[in-house]
Structures are given as structure tokens and as C-alpha cells.
Amino acid sequence: MQRLRPAQGMTLLLPVALWIFCLVNDVRGALPTTAKCDEALASPLPHTAFTSSSVFSNGYAPGYAKLNRRGGAGGWSPLDSDHYQWLQVDLGTRKQVSAIATQGRYSSSDWTTRYRLLYSDTGRNWKPYHQDGNIWAFSGNSNSESAVRHELQQGIVARFLRLVPLDWSEEGRIGLRVEVYGCSYWSDVINFDGQGVISYRFKMKKMKIIKDVIALRFKTSDSEGVILHGEGQQGDYITLELHRAKLLLQINLGSNQYGSILGHTSVTTGSLLDDNHWHSVVIERYRRNVNFTLDRHTQHFRTNGEFDHLDLDYELSFGGMPYSGKPVGGGRKNFKGCMESINYNGDNITDLARRKKLDTSSFRNLSFSCVETHTFPVFFNATSFLQLPGRAGHNTLSVGFHFRTWNPDGLLLFSNLDDGTLEVSLEDGKIVVHINVSKATRNNQVDLSSGSGLNDGQWHAIRLVAKENFAMLTLDGDEGSAVRSSSPLTITTGGTYHLGGYFLQTLFPPSRRSFQGCMQAIVVDDQPADLHAVEKGTVGAFENVSLDMCAIIDRCMPNHCEHGGRCKQTWDSFSCTCDGTGYNGATCHTSIYEPSCEAYKHLGRSSDTYWIDPDGSGPLGPFKVNCNMTEDKVWTTVMNNLPPKTAVTGSSRDRRTVLQVNYSASMDQVTAITASAEYCEQQIIYSCQKSRLLNTPDGTPYTWWVGRASEKHFYWGGSGPGIQKCACGIDRNCSDPKYDCNCDADLTEWREDSGLLVYKEHLPVSQVAVGDTNRPGSLAKLTVGPLRCQGDHNYWNAASFTTPSSYLHFATFHGETSADISFYFKTSAPYGVFLENLGNTDFIRLELKSPKVVSFSFDVGNGPVELTVHSAMPLNDDQWHRVTAERNVKEAVLQLDQTYRASRLAPAQGHTRLELFSQLYVGAAGGQRGFLGCIRALRMNGITLDLEERAMVTPGVKPGCQGHCTSFGMFCRNGGKCVEKYNGYLCDCASTAYDGPFCTRDVGGFFEAGTLIKYNFMPEAVAGASRDTKILMHQLTPHDVNLTKEEVAFSFSTSSAPAILMYVSSKTQDYLAVVLRHNGSLQVRYNLRGLREPFAIDVDQRNLANGQPHSINMSRVNRSITIQLDHYPPVSYTLPDASDTQFNLVKTLFLGKVHETGSLDPVLIDHYNTPGFVGCLSRVQFNGIAPLKSALRTASQSQAAPTAAQSDRRPAVASPVSHQGKLVESNCGASPLTIPPMSAATDPWRLDNTDGEFPFNEERVIPDGVNRDSAIIGGIIAVVIFTILCTLVFLIRYMFRHKGTYHTNEAKGSGESAGESADTAIIGTDNPETIDESKKEWFI
């Protein structure tokens, strides 16, 4: 950073400026507080301000526990070094505390290594200091001299501080000197008694408020109460209240009487706010945007409805509902407790109330000091108990107390009676009482149960009374729902009660041993427990109990469960339930779905409907899209709800009809697709009849559409931004050349303007405003197609690191409490750092540590943590590998290739925030152990880093990465070849019998009688041949025409026999034929030189001409032939020894029928060639050639050419494949086998093992006599019914023939306009497909 030199003319002002600066500092230093709030508060205090639990001796008194002081014995030490000791400081008045520092006792072996900080306003009802969601334990000293200071992340306001040592020197005892840093604090306090309300009257009767700022602090021990309320006659209101110890803000800026605008908004924050400690609230509203802050935790939200102003009448009341108000808050309690620093839009309400400027007449006794409650809470952990005395030998038992907890189970109270036991416990959130009395003659047992869900963190009151033949359990003071028992019962009290735990050995132990939670208001045998006496040790006993404190924590507030995950908690921890959210992980952070259709394709998925999550762990939720995987592209389609050809009438330029287009995803979700796509399109069609569209060439448009940024656009499909034209105007072929849109000609005939909108920054279409359909005869129909996008730039965003010192740098990564990182890498190097980001001591790093080890390391302040995963195979194999890492407040997880996983739980106590400040480095760590290779699709907390853009300007790093086929080539099936692309790969299926993105879709055709396909193995090369044709021509080179091996594969289905399926001829008498014989059985015939008769293989004796699909795979190597039919095992055959092994001068391959000159086998021609194969052939392949696919592709290319050009065109390419007859592409021959297999007795592949168990169930054979009789009777009935039906059909046809009505499918007037073209006739027909449909029905 360059420092600017001052101008010479300004040098004379420098002494003056320095003098002013010093003067300001002198004045500021004289003030009672400093800007930093960092005064030493403890050192100036008298000795009497320091107290302690005990003192070792006079020289170790707490008054000597001042930082850097050597008085007395050099600090404080207690009598016993245990966990019940404490040092307390009275600051005199409430102070703002910002830091604390400790030392050991001077020149000794006594110091404190770990301690807790408690604070209070009154010296009672202590609250532990919280940080990172836990009761914080500060690290202390390691010697007696050095001071350790801690800044408080959460500044506190208190008068009394108490330090509780947790651990101390192993060489000595507890020793402590302390200093407290902060500044003075003062505020006006008002005590609300639950009756009084402060009314803040507005200067005007009605206020129309656009901006509000409300701030206050409160403390209370009640869980219900209205803190402030204001309302207006129009229905506006604002209410802040406590509900179940949570803060509830309700605001309504206006609703209408029809209910179409509902302005009510309700937001809840906080928890356990009835702890009688101070909490600060700030509400900031500007129009509909609201910031709601409680104790520095802010929620941002936007109010419902459409109105911006808060319309209030007369007043705003603090502390409750106004007496003259409407019954908006019927039954709500007023606030009971204390408030301070109340400010409303700059007015100090507490100061105005003190100066009697506000109406406080509802108060019986207005007090400007906080009246403290007299509760004495007790805090229990898993090893605590509190023993209290009661009445002994009495026949009546009475106990009562309040409790709060998060645990569903725990022991609340246990007592050994004189002749039995009493147990009060929490079981699955219910209060359960067991009273067991053992007499000499019998045992009496009384069980009571009440309540549910009592582990909700709220205070609940229990009262139990038991006496002779009577027991009653009352919960939360509700006498009406008290549980009673009148079972025979006689008790005698034992005189001792254990609360919160019982660990002694007894004959009848309790079902539970301990309790984690808080209790207060304890009453034993009608006497309130004297807990002050217990604290002094004069009454009862206790173990590991914290008195005068309730250290309950709501671990679900703030909620760490993301994306709608449900938080559940116990006393020590919380868990997240992620069911139905679309996310997983300890905090529901990681999406379970892929980010795009592109990602699904490269997992090997085919076209279908998928859930995608474009921003991963970001705020956008998952949504459904249609994914269409084509050979070279992946299309993502988002549907909308606008019906095709939606009619629009009655609209004008002054009053347009606005059609809303809603999608199956939110606008933010759709925007995420378009932002990462390489190309998007959306078709829009305007069909018009005397309805103008854009009013071209120079008029104001009648119709426009609105895109994703709510901007109006005045161009139409086929045009572009800023060009007020339709597609016909761009192509200059509009119906009226004077206009740039067909509809702008304003014709009475139907016209249409359609095209694709392709400027993806404007897509999708969210609204269309139509403005010219109100004239007579004016009508329009609108169609907005689905949004279609292809490509995913984020998925293929990659960078190649070519030198060890090269790296990319980005802004600091912010993942304080939750962070996820995912990317793909490819390398041949043995090690390298993927990324690193540093803080003061915190850091995060992902690294390839060795060829088989990936490491994820970080530090959030608790010391370095490292997770490693070990791969079974080397990772420097130059193939893509995926790494995902996540770190949150619950755990850290590292995953490699969705296979190897390592995890580590976060410590129960400790820091949770990851605080980084350096830049994020990708590809290196401080220039060392640099990564060599490619990194792709780097996503951090749902945001994809643009590696390519940064790589373009970084030496040693190149954008993009080649070599995708090494990782994804396995997805190209059936011989498909993987072809590299800059941003991915594609499967080239040209040399296979398959199609589709992964060469898995069968290509087949339907053959009619006489249809044949001819493939010439030696075509003549012609200049100008296309690429596909050249591939076909060179698939079999001239030296391959003499074959010693063949590979044949195809599937077929037919219902007619005989037929020739495949015939391969030669220029000699050699041939290969696959035929269906007259009985439908399959035969393979080989005729090679040296054989007198063709070698025939009867593959199967079944009738395969049964309309079901069958597949055959055959291979020959020299004399060895292997044939596999359908799902049966392959069978081997051997050519005779006399046969030649070479198939000489292969000439032509035929499918369906043979049409050949030269010497042919007369048996084939005479018996099998006529009328030809009728049925389906699919995936035909011969030695790497796909003749059927080639024929179909050649036919489709010919149909695509103009008809006129076909008639007089000479072929430019001598294609090796041709066909005769009608050939229609169909996959009817590729369906799975559905007929039952043959029985094992006739299975040709099972002749050697007829007793083996066949994997399919054979049909049951009915006894011959029964079967024959049933067949005869059924046949007779069928013939009779068939005869009757045929007679009825002929009678009906005869009757309708003479009705005189002539039915035709021709369009009206077709006879008169015989001179018109066939195309015109079809266009004029309402249903041109009716003829074909009738033909299909007649065929059926």
C-alpha cells in the first residue's frame, strides 16, 4: 500500500493539527469512560469488595487478589482446593465488563489453570458466562507471575462477578489474582408490576409510519407477558410479547377486506427468557424489511402483504395492552419484571416516564428501581444430589418443587420411608410417582402418572400429597386435572429426602439415579427448604450441586439445524432430524441431490425426472426437473402452468391482460439453472386473429413479456434484445413485408408469430401482457413453452496447475459455524495442497498427502484436527476423483469418491467458530507442496468458484482440463468410443448398433413383406462422401474380405415363418445364413470351401416365431463356433475337418430377404426367401458393422432432403448400404423376453442335466383326461360365440350401408378444389390423422 506524500502547501497546518489532536485526547482522557471500554475496574476497589468461599489464612484473604499486587501472601487461596471454592468481586454498581485477566499467587506454586465466570446484579441468581453455545471455561495460568487476559466475545453488564476454579496447579493449590476491565454503565430502569402500562402518545392521532427503531432491555421470571403493543383502526398492529419464555413479534402492515392480501407476520426468537437476567431487544423496520435482534442474534425477514406503512392510532403502550384498545390480544398477560433503556424512534421512554411526560396512571406504585425476586434455583448435573430433612415418623407426606430440563428421563425425588420407598421421576417426558409400602402381610404399591412433553425447558410445578388410602399428584397448579389414587395405603415418613439424584445402596433402589436440570421453590413436608442454610452447611447435604444458579442452555436456539431440519436436544447435546428436507449430515447441511442434470449424466444416469440442487448447501432448496440426455448434450427442462394456446380476449393498450407464468420451481431456483447453463431457450407463440403484437415497424408495442429481473421486453421469439421484431422480421418472410411481425398486419385470418427466446439473462418468461384483443373479431392465443437449458458451466469449471509454485487466490472463505467444500481432482503427482485459508491461529486445509491419502485439517481454536482417508488404489492415476469435506459445530467429515469416509466429533466444550482472514489459496499452501494437475467444480458453501476466469490471468495455471475420458469412458457401452470435449465428453456410437448418450439404446426396424437391407462390403469410394459414410466404408478394409472369424449379434421378433434373418454372401459359393424354418425353429448354416453340403446347426427346436423378442449372439474363430440364444448358456459347435476355415471374398450382407445374382443355395431361396421376413430386427451387428442402423440413418437423411431435389438428384456418395421396401425404425425387437422358457426336457442346452433345477417355474401339467375334456368343451363354446358375433357384425354393416348417409374424412370443399395441393387439403382438415387411425382400427 503506497503512502501519499502531503503537499508542501499543507506543511504549515501540521503543527496546528497535532495540537488539536493532543487537546482532544486530553479531554477524552478526563472523561469517566474511554472509547474502548477498557478501564481497570477491580484494582481501585477496597478490600471489602472481595469475598470468597473460604480463606487458607489471614494472609491469603480475597482482598489481596488484585493483579500484579504482592500484599499479604501475594493473592487469594482457599482453605480447601476443591470445586466448591469461589472468589467474588463487587464492582459497587453495574458495570459494562469487556475483559478479565488472572495471575497465580505471587512467588508460589499456586495458580488456577481453568475457571468459570459467573455474574449477577444482586449477588444472587448467578448466570454463567456463555460462549459458542456453551458454559465457557476460561484457560488460566501456567505459573504464578504471567497474566493471562481474555476478551469477552459477549460483553456483559453486572455488578457482581464470581470466578469458580475448575483446575489448578498440580504442584500446589488454588491461587488467584484478578483484574476486571470495562467501563461504567448507567440506564433508567422501570419496574413493571404486571398491572401498570406506560402509554406513549403520538403527536398526531393517526400515524403513518414507514420506519421504526425500537430498542429496550428486559428481565423477568415470568414466561408470558406483553412488552409493547400498538394498533390502528385499519387493522395494522405491532406486538412484542413473551410466550412460553420466547420472544414473539407480531406485525401487520395491512390486510384487505377480501382476504387476498394477508399482512399478518409472526416471528419467534430466543428461549429461556424467564431466567431473571437482562436481555436486549432491537427492532428495526424500513417498509417491509425488518431486523429483529435479541442478544446480538439477528433475524432478517420481510413482512407479508403488499403495504409498507404501519398505521397506528393514538399511542404505543409498553408493559401490556392498553385499556382502551380493541380486543386484539384477548387474555394476554401484562409484563411483570424490569425494563431499561426503552427507546422508540429516538425518544427515551424511560426518561420521559421518570420526568412524568408519559401516562403512568395505571401503575399502583411506579418504581424506577428493579424489584428482585426471591427465587433460589438449584442446578443439578449427572453426579449431583441435594439431601433435605423432613418430618420423620409421620403418616402424611407432602412435597413440592418447580423443575426444568431438556432430558426426557431423570430422578427428581427419592425418599426411604419407614416401611417402603417413594420415587418421583421423569419418564419419557411424563411425571411418574411410585410409592411402595412393605407390610408383614402384604405389599402396597401406588403408581401415579401425569403430563407429557415436560422436558421442554419450561418451568413445571409438582405437588405430591400422600396419606392414609389417598395420594394426589398436581402438575402446574392445575387442580382440575390432578391425578388421585384411593388404593389402600398406609405410610410412615422416613424424614430424609434426596432431590436430583440418589447414589446410595438400598434394598429397593430407584429406577433412575440422577437428574440434569434445575429446581426451585422446593417445599418439603409443608416447609420451604432453607437453601441458604444448606449453602452454609448447617442444614442437609449436597454433592456437585450449583446453588443459586440455573445453568440451563437452549442448544436449539439459535438453531444449528439448517434447511428446515428439526432440532432435538438433551441437557448435554442436540441432534438434527433431516427427514424430508433433501439434506443430510449432522446439521442437515449437505444436499443429497446432484447440482444439475449434467452431473446425473456423468453418474451414468439416463433421461428421467430428477431432483437437483444447484447451490448445494446454499439457501435454495432442491426441486424437480426433466433431464434429457442426448448423444452430445444434456437438456434441463422446467415446466410451467400456462396451458398451450391460452385464449386472450377483452384486452386493450390501456387495460392489458396479464398472464402469469408460474414454474415448477421458484424464480431463484430457475435463475440458478440459467446462470450456470451454457445455452437456454424458451419458445413463445402468439396466434392472432385481428390482434396486433409489437405494432411494428415503429409503433408502441401492444404486447410485451417480463423476464426474470421483472423487466419488460419488447422483442419476440426468434429476435434479440433491443430489436423490436419477430422471427419473420429477422428472416424477412413476414406475410406482409411492411411489418416485422405476422400479427401486426392485423388480418382477419389466423396468423402466428413464434420463435425461441435465447437470451438467457432474460429468461424465464414470468408474465406476458397482451393488449389488443378488445375489438370485434379480435382474438389471440398464447403459448409459452417450458424453459430448456443445456450444459452446466459450474460442473466443468476447471483449472490446470502446471508448475508447483502456481496457485489461484480468492476472497476469504467465510464458514464460521458451518462449512462444506467439494471438488474433483486429477493428477499424476504424488502429493500437493488443494486449498488453504489461514487466520490468526485458525486455518483450514485440504491436501493430497501421498498417492493414497487425502487429508482435511483445520483449527477453530481448540488445537489442530486432521482427518485422513486412505484409498485402496493410487489417486495419482490421472483419473477424476471427488473430494467432499464438511465441518460444523457437531462434527467434521471427509469423503473420497463416495466410498472412503472419515469423521470426527466436535468436542463437547470449546470454540466452534472458524475465523479466517487471509485470502483463499487454491493449488498451493504458501508456495510449498504445490498441486500439479486439474481441479474442477470447486464449490464452497454452495458457491462455485470460477477457476477458469482466474486462471486466464494467472501464470502457471491454465483454464479447463482435458482427459475426461480416462474417468468417464466406462460409461460408453456396447463398443461406443469416448470423445474428449473441452467441457466434458461424449460417446460416439457411430460404429455400434446402438444410439443414445451412452450407446445403450437399441436401434431396430420393422420389416414388411419384401423389405430387405443390403450392405456391400466393398463399396466404391466417391469424392464428397460424408463423415458417417466414410466411417461405414472403412469399417471393413479390403484385407478383411477373407474372414477366419465372425461376430454376429441381433435380436428379432416375428409371428411368421419361414424367413431369412441374415445372409452373408461371397464372390465364391461360401455363405453364412441365419434362418427360421417352417416350424419356427432357428437354424444357422455355414457353407465354406471343402464341404459338399452346408453345415447346418439347429440352434433350437422351439417355435421362435411366436411374436416375442429373441436375441442371438454368435461367434466363429476358425472351426470353433459359439452360439447363445436368449438367456440360455452359450453352446459350442465345431466345423467338420473337411471344411475350410476361411470365409472367402465376402461380398454382401442381407437382412430380411436375399436379392442377389450369382450362385445361391437353392434350398435357401426355394424354402425360406419368400415372401420374406415380416417383423422386427434390432441391434444388428456383424464384425463391427451395424447394417440396420446404417440403413435407417441413410433413410432418415434421404427423407430430410427436399422432395424436389430427390426426384432429379444423382447420388453423390455410393453408400455401402441400401434397402428395398418399407423400412420403419422401431424398437419392437428389443423388448425383454416375456414368454416362459421351455421345459427342461426339451431344452437343448440342458440335455446333459435334465434333473437340474431350472431358474424359472415350469407350468403345471394337468392330468391328461381332465385337460383333454376341458379343451373340447371350451373349443365348442368358443366356436358358437364366434359364429354369433360374426353374424351380428355383417347384419349391422348391411343395415348402415343403406341408410343414405355418406361418411368421409375429407375436408369440406375438397371436391371442388381438386386443383389445390395435397398439403393444402391436409391443412384444411380438422383431424388429418383420422384416416390413419381408421386404418389402424381396421387392422386391429
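Just so you know, glycine gets a Cβ as well, placed from its N, Cα and C.
Annotation comment: TrEMBL describes 1-29 as signal peptide.
On the 0 to 100 pLDDT scale, the domain 'F5/8 type C' (33-183) averages 93 in this prediction. If you look up TrEMBL, you'll see 33-183 marked as domain 'F5/8 type C'.
Annotated domain 'Laminin G' per TrEMBL: 189-370 (among others), in sequence order.
Annotated domain 'Laminin G' per TrEMBL: 375-550 (among others), in sequence order.
Taken from TrEMBL, the feature domain 'EGF-like' covers 552-589 (among others). With a cut-off of 8 Å between Cβ atoms, the residues of this chain six or more beyond the domain 'EGF-like' (552-589) that come close are 130, 133-135, 269-272, 275, 297, 379, 404-408, 457, 516-518, 611, 613, 617, 621-622, 817-818, 820, 886, 888-891, 893, 908.
Under the heading domain 'Fibrinogen C-terminal', TrEMBL lists 588-640.
According to TrEMBL, the feature domain 'Laminin G' maps to 797-961 (among others).
If you look up TrEMBL, you'll see CYS934-CYS961 marked as disulfide bond.
Here TrEMBL flags 962-1000 (among others) as domain 'EGF-like'.
According to TrEMBL, the domain 'Laminin G' annotation covers 1020-1228 (among others).
Per TrEMBL, region 'Disordered' is recorded for 1197-1218 (among others).
If you look up TrEMBL, you'll see 1197-1206 marked as compositional bias 'Low complexity'.
For 1271-1292, the entry in TrEMBL reads transmembrane segment.
TrEMBL lists 1305-1340 (among others) with the feature region 'Disordered'.
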Which listed residue (CYS934, CYS961) has most other Cβ within 10 Å, given these are disulfide-bonded residues: CYS961
Close approaches to the domain 'EGF-like' (962-1000) from elsewhere in its chain (Cβ under 8 angstroms; 6 or more beyond its ends): 598, 601-602, 604, 606-607, 629-632, 634, 678, 791, 793, 796, 826, 878-880, 934, 1028, 1031, 1035, 1049-1050, 1179-1181, 1184, 1186, 1188-1189
Within the domain 'EGF-like' (552-589), residues counted as helix, strand or coil by DSSP: 0 helix, 10 strand, 28 coil
Winner by Cβ pairs under 8 Å against the domain 'F5/8 type C' (33-183), considering only 189-370, 375-550, 1020-1228: 375-550
Secondary structure tally of the domain 'EGF-like' (962-1000) (DSSP, helix then strand then coil): 7 helix, 12 strand, 20 coil
